[in-house]
Amino acid sequence: MLGYYLDLAVRSLKRSPGLTALMILIVGFGVAASMTSYSVFRAVSGDPIPWKSSRLFVPQIDIWGPKGHSDGSSGNEPPEALDYTDAVALMRDHRGKYQSAMYRVSPSVVPPDPHMHPINVGGHAVYSEFFSMLDVPFQFGGAWGADSDAQHASVVVINSKLNQKLFGGANSVGKTVNIDSKDYRVVGVLDNWNPKPTFFDVVNTGGFTTGQEDVFLPFTRAIDVGMGNDGNTNCAEVPTGSGFVGLQQSSCVWIAYMVQLDDKAAVSAYKDYLDGYFRDQKASGRFNWALNNRLRDLPAWLESEHVVPSDTKISLLVALGLLIACLVNTAGLLLAKFLRRSSEIGVRRALGAPRMAIYVQFLVEAGTVGLSGGLLGLLLTWVGIHGVSWVLPKEIASLARVDLSLLALTLAIAVLATMLAGLYPTFRASRVQPALQLKTN
Amino acid sequence: MSLPPMIAALRKHKAGVVLIALQIALTLAIVCNAVFIIYARIQNVQRRTGLDETNLFLVTQQWVGAPSGDSPADLEKLDTMLREDLNALGSMPGVESVTPVNSVPLFPSSWNGSESLKPGTDMRAGNARTTFYFGDEQLLKTFGLHLVAGRNFTAADVAHKALRDSSEPNVIIVTKPLADKLFPQGDALGKAIYLDGSNTPSTIVGEVERLQVPSVGSWASSFVWNSTIAPLRMNSNFSRYAVRTKPGRLEAVMRAVPSKLYAVNAMRVLDDDSVKSFKDIRAEAYRADIGMAVLMGVICLILLAVTAAGIVGLTSFWVGQRHRQIGVRRALGARKIDILHYFQMENLMIAGGGALVGIVLAVALNRVLMSKFEMQSMPAYYVLAGLAVVVALGQIAVFVPARRASNVPPVVATRSV
């Protein structure tokens with residue numbers, strides 16, 4: 001029966017090629033515009049570590065109090081990052097399963113090949129647990145151990161791209177890399193790990209950057225050698241000491257922090273610990289304002305940091321509006337098309353076709369339009385995604401891509417939406433009075 | 001022509017009428033807001049930075065194995081390296097002037113703080129927020145700024161300090177908007193102010209007409225013209241230089257920069273992004289804004305085309321359906337123009353009704369965007385212009401089917417379908 005209806009649908013659509021083409025075009029453009037925006041939105045709003053994001057937390061301590069809010073820009077939020085004193089204290093107390101303080105560095109690397117000029121690399125100074133906390137994949141070797149943190153060891157983890165550049169992609173574990181004129185021993189090579197957004201340090205990277213994470217070295221070592229931070233430094237008062245040491249002694253915030261807490265009990269225990277830490281500091285005279293800590297899990301943290309650009313959300317909203325407008329349009333055209341065939345419906349009903357049959361027939365026709373529109377939409381979505389990479393910022397455009405699930409979704413939305421648009425016209429068609437139609441003709 | 005029969009006829013096609021009206025309402029709401037977004041972005045992009053942007057480029061480089069600059073001896077060494085680079089760049093043929101800088105307008109790196117009329121206030125309180133540019137006596141010339149009061153820095157004013165040294169400069173030059181904010185009487189010249197809650201005064205010796213802050217983000221929109229220039233060479237393991245070339249020499253000089261600097265000292269990092277023309281800096285800074293404007297423009301065009309096509313389609317159907325009635329009207333003496341006017345009038349009523357709903361939707365969408373995305377309130381004339389556009393669109397779209405209707409011959413009335 002379905003085959004017959006499909007045949008009827010195709011015949012009917014062929015009979016008014018102009019109207020059919022119009023509907024297909026409208027559905028195609030509507031679906032393509034919204035799928036293009038959605039592909040960008042999906043790329044920037046996805047969970048960067050879905051299997052673990054609800055167990056990763058970012059602690060915030062209000063170390064500035066009223067001073068930090070006097071320019072009115074931050075509401076009542078505590079600083080987004082930690083100062084050196086508190087970051088180190090939290091690491092020392094070690095209350096989470098895994099945790100790491102981290103700051104962004106941008107050192108130079110001198111390649112072993114004397115003909116090559118020095119290159120600049122990006123990366124982070126982290127603690128050893130960073131790698132297990134974030135399930136970082138390795139191609140060769142692995143993370144350094146906790147003992148290396150304690151010994152402030154000169155070890156480094158490099159990414160596969162830097163490994164390719166320096167060692168031609170061979171297993172370089174045990175080899176030496178010259179970073180900022182000091183030698184570091186390679187302990188691990190990452191296996192193509194470049195999460196977007198750079199969720200572990202949103203504060204210093206802004207989430208989406210074209211920057212690479214080429215090197216990871218021990219936090220303690222980076223501090224020892226005075227490797228300056230490359231990210232943001234925010235202060236509520238000017239540091240009294242000078243230099244990188246002065247920064248470490250100041251209340252300026254520049255260190256990102258993440259902790260893994262596996263269950264509710266662990267979360268509330270950590271929250272208590274954080275609050276206790278604040279109260280202890282307050283008792284010792286460091287603060288004279290009320291407790292104002294935060295402990296957000298990763299999704300909530302990314303939300304509060306507005307990692308998804310608002311442009312992307314606005315585009316999605318507007319494109320959805322366009323899709324709805326296209327569907328309203330299609331509904332109008334289908335209505336016209338179906339009601340024009342009132343006499344045909346009358347004949348079918350008079351010959352004994354139940355209402356249900358009319359329903360199925362016209363929904364199949366709407367679905368056929370939807371499917372054709374969807375196929376056109378696929379093509380246009382592909383064009384659209386390549387088009388936006390022209391106009392959007394590189395760090396975002398490069399993330400939007402066509403994949404199987406996007407293709408399937410495009411088709412499904414086109415068919416379902418068109419059938420939805422066809423529901424009312426179909427309903428009207430099924431209500432056609434056979435007697436009336438037969439009489440007037 | 002009387003309206004009651006027309007309304008009576010429309011009541012026979014309730015669903016079609018509602019769908020067209022709804023379509024027009026949605027179109028109005030989306031197009032108004034999209035055009036408003038486009039306008040805001042274009043306005044952003046068209047702001048003048050205050051620089052003479054032609055023949056200007058920026059060099060960013062990093063020394064390998066440079067001292068940290070925290071001890072006095074290290075600091076002197078870093079400053080010597082910096083001055084060697086400045087001399088090398090300044091001596092290149094085709095170079096007009098060169099200055100060390102921490103940033104330039106539209107470049108994604110900035111140094112921001114506050115200024116206060118009193119010493120020792122909270123760093124984040126102060127009388128005005130500002131961005132800081134650090135450079136030497138060549139900065140004004142290299143940037144191409146207009147000095148409107150006071151004097152430029154002299155070589156004797158220029159000091160040098162480490163990146164994280166928090167001491168403040170003795171003299172500064174500020175932009176006119178900043179001077180007027182701090183001293184509304186217009187007597188800023190020669191006055192002392194306090195930077196970042198400091199206790200040591202800095203004296204305003206000059207005012208420049210205009211100089212934009214580096215950041216184009218919304219967080220900096222409250223102090224976008226508040227810039228302060230301090231006569232400082234900032235010493236660190238990296239440095240930036242702004243270079244102005246003679247007209248027509250920009251590309252040649254930019255190409256020659258890496259080898260010139262490597263010849264001074266090869267232990268440094270210069271990569272693809274190290275030498276950048278101001279034109280490229282501008283393009284990158286506003287890429288998101290321009291992209292958004294293009295995207296909204298495309299969506300508007302699609303939407304208007306779809307709506308027009310929908311009106312053509314549905315009106316054509318109605319014309320076909322009423323073929324006989326039109327014939328009867330013509331046979332009873334209606335002129336062609338009456339039939340044309342009938343369909344145009346009908347469309348005007350539907351479009352007008354839809355547009356009224358659309359105005360409400362447009363304002364509602366604008367409120368949503370305002371509350372969630374820091375958008376501005378849309379002025380009323382956008383909605384009115386949108387109204388005019390959708391009504392005109394309706395009239396244009398209806399013209400072809402309406403003319404076809406007017407060409408129905410009266411003889412149709414005598415035929416059976």
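Cβ from N, Cα, C; glycine included.
The domain 'MacB-like periplasmic core' annotation in TrEMBL covers A:20-274.
Only residues 6 or more beyond the boundaries of the transmembrane segment (A:21-41), in the same chain, are considered here, and those with a CB under 8 A from a CB of the stretch are 308, 312-313, 315-316, 318-320, 322-323, 325-327, 329-330, 333-334, 369-370, 372-381, 383-385, 387-388, 392, 396-397, 399-402, 406, 409-410, 413-414, 417-418. The feature transmembrane segment is assigned by TrEMBL to A:21-41 (among others).
For A:314-336 (among others), the entry in TrEMBL reads transmembrane segment. Under 8 Å from some Cβ of the transmembrane segment (A:314-336) lie the Cβ atoms of residues 19, 22-23, 26-27, 29-31, 33-34, 36-38, 40-41, 366, 369, 417-418, 420-422, 424-425, 428, all in the same chain and six or more residues away from its ends.
Among the features that TrEMBL reports, domain 'ABC3 transporter permease C-terminal' is placed at A:317-434. Taking H, G and I as helix, E and B as strand and the rest as coil, DSSP gives the domain 'ABC3 transporter permease C-terminal' (A:317-434) the counts 102 helix, 0 strand, 16 coil.
Sequence-distant contacts of the transmembrane segment (A:357-385) (same chain, six or more residues past either end, CB-CB distance under 8 Å): 1-2, 5-6, 8-10, 12-13, 20, 23-33, 35-36, 39, 330, 334, 338, 345, 348-349, 400-402, 406-407, 410-419, 421-423, 425-427, 429-430, 432. Among the features that TrEMBL reports, transmembrane segment is placed at A:357-385 (among others).
TrEMBL lists A:405-424 (among others) with the feature transmembrane segment. Among residues of the same chain six or more beyond the transmembrane segment (A:405-424), those with a C-beta under 8 A of the stretch's C-beta atoms are 27-28, 30-32, 34-35, 38-39, 42, 323, 327-328, 330-331, 334-335, 362-363, 365-367, 369-371, 373-375, 377-378, 381.
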Model confidence over the domain 'MacB-like periplasmic core' (A:20-274) (mean pLDDT, whole number): 91
